[in-house]
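The feature domain '4Fe-4S ferredoxin-type' is assigned by TrEMBL to 364-393, 402-433. As annotated by TrEMBL, [4Fe-4S] cluster 1 binding site applies to Cys373, Cys376, Cys379, Cys422. Sequence annotations record features per position, and here TrEMBL assigns [4Fe-4S] cluster 2 binding site to Cys383, Cys412, Cys415, Cys418.
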Amino acid sequence: MRRTAPGKFTGGFSFAPSTEKFKEKWKVKQSEVVTFVPERVYIPTQQHIGAPPKLVVDVGDRVKAGDLIARAGDFVSANTHATIAGTVIDLLDWPDNSGNKVPTIVIKKEENEVTKGSKQAESFESLAKETLIDRVSAAGVVGMGGATFPTHVKLTVDDDAEVETIVLNGAECEPFLEADNLLMQVESRKVLTGARIAKKILGAKKIIIAVEDDKPEAIQKMREVTESFTDVSIEAVATSYPQGGEKQLLEGLLDVEVDLEGLPVDSGVYLMNVATSAAVADAVERQEPLINRLCTVTGDVKNKQTVSCPIGTLTGDLIDFCGGFEGDPRKIFVGGPMMGQAIDTLEVPITKSSNGLVVINTEHAMYYEESPCIRCNLCAEVCPMRLEPQNLDLYYRAGDYKRCQDLMADACINCGACTYVCPARRNLAKNITAAAGKIEELLQEA
Ligand code: SF4
Ligand code: SF4
């Protein structure tokens, strides 16, 4: 059965003027990276999709930044590394941004921090494909755009797969987030190198780097660094939400429609986030593991900025570093306000996929009562997956999960666009996600 709705993604929607006002107020504009290293880090052993890694350190062990602290538990898994030099002072269950408590390694910084010397950069050109993948695997690189799928697994495609194009996703479409934008400006060569490594591994013919057209500095920097490469092009894509979604980007960019059960690679395209690409370059050329994260801290905080911090930095420490809250905080999202996760404790650590922290205070947080659906169809018009949010919501509320399954609730990417535009303020995205969870539960039981 064909599992994709008909029609083509034609560009999502722009945010309402009220959001634009905040976009200006909360805008982070900087051309250099600000760095913060806390006194302690809380590193979840598992920050990826796949098998949990196995601990290889104990309380009392001294580690350097970059040392392995948890080894991948299977092929579909990822290594975890110490992100600062110091002593392992605790192994405990600690909250992550899903609200669950997960196994976590606590490292206290050494007074005189000794950082592991960075290896001399080595060109990837002379390295065999297997060595390239092994180095990506050793470095614990995962999809940093939010997917957290281990990158070495994604790069290991079937022999008969024909990958024509590498697409770098620089469309950071959530409002207020600037981490990828800054990365493309300050590490443009590294971003390109990661894509060239993927191109070599997969035998692809060309690279397309997609950047939203409201990021002229990033476009300019990427153009400068790619001008001597005839197989690389920079595409300025429309600034609309959710342009950065995998399927939406490919439809808008290449007119490639990916079946819901398929992967972009089935259509000859390998898609990678720009931050992942830079991490691949470090993994291969310097054999450096993924231990730092660029994170935009904005909203109702005093100093809105994009900060490079060790993975495992607590959100509370990062907010303190940014001068603390403006007003009384009401909501804090890890990620953007559309697809990010609201957290209820400042003890949640930054992980490999935490590209933003958005704080909303009591003055700016808005609450609405739901009212009955007026059948305006706006939710269906904006849905990038061409679902019927209003009907999915109604069937979910009625407990008719079979109809939810027929209407492909599992295809929802939880972008929140339907909830955002609904004039009746219905909790569409939340209910559709719950419906997808229920369907999965029932399928497992069956
Ligand atoms: S949250 Fe799901 S149903 Fe709503 S617009 Fe996004 S993809 Fe469509
Ligand atoms: S946008 Fe809201 S009111 Fe309009 S059809 Fe969808 S659920 Fe109903």
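Glycine is no exception: its Cβ is also placed from the backbone N, Cα and C atoms.
Within its own chain, Cys376 ([4Fe-4S] cluster 1 binding site) has Pro423 as residues 6 or more apart in sequence whose C-beta sits under 8 angstroms from its own. Checking the binding-site residues Cys383, Cys412, Cys415, Cys418, Cys422 against ligand 1 with a 6 Å cutoff on the Cβ atom leaves Cys383, Cys412, Cys415, Cys418, in sequence order.
For Cys379 ([4Fe-4S] cluster 1 binding site), the Cβ neighbour count at a 10 Å cut-off comes to 27, with all displayed protein chains included. In sequence order, Ile374, Arg375, Asn377, Leu378, Pro389, Gln390, Cys418, Val421, Pro423, Ala424, Arg426, Leu428 are the same-chain residues whose CB sits within 8 A of the CB centroid of Cys373, Cys376, Cys379, Cys422, the residues recorded for [4Fe-4S] cluster 1 being left out. The [4Fe-4S] cluster 2 site is set by Cys383, Cys412, Cys415, Cys418; from the centre of their CB atoms, other residues of the chain with a CB within 8 Å are Cys379, Val382, Pro384, Met385, Leu387, Pro389, Ile413, Asn414, Gly416, Ala417, Leu428, Ala429, Ile432. Only Cys373, Cys376, Cys379, in sequence order, out of the binding-site residues Cys373, Cys376, Cys379, Cys383 have a CB under 6 Å from ligand 2. Comparing the binding-site residues Cys373, Cys412, Cys415, Cys418 by how many other C-beta atoms lie within 10 angstroms of each C-beta, the top residue is Cys418. When pLDDT values are averaged over the domain '4Fe-4S ferredoxin-type' (402-433), the model yields 93. Every protein chain considered, the tally of other Cβ atoms within 10 Å of the Cβ of Cys383 ([4Fe-4S] cluster 2 binding site) stands at 26. Using Cα positions, the member of the binding-site residues Cys373, Cys379, Cys422 nearest to Cys412 ([4Fe-4S] cluster 2 binding site) is identified as Cys379. On a Cα basis, Cys415 ([4Fe-4S] cluster 2 binding site) lies 20 Å away from Cys373 ([4Fe-4S] cluster 1 binding site).
Taking CA atoms as the reference points, Cys422 ([4Fe-4S] cluster 1 binding site) and Cys415 ([4Fe-4S] cluster 2 binding site) are 14 Å apart. Other Cβ atoms within 10 Å of the Cβ of Cys422 ([4Fe-4S] cluster 1 binding site), summed over all protein chains shown, number 24.
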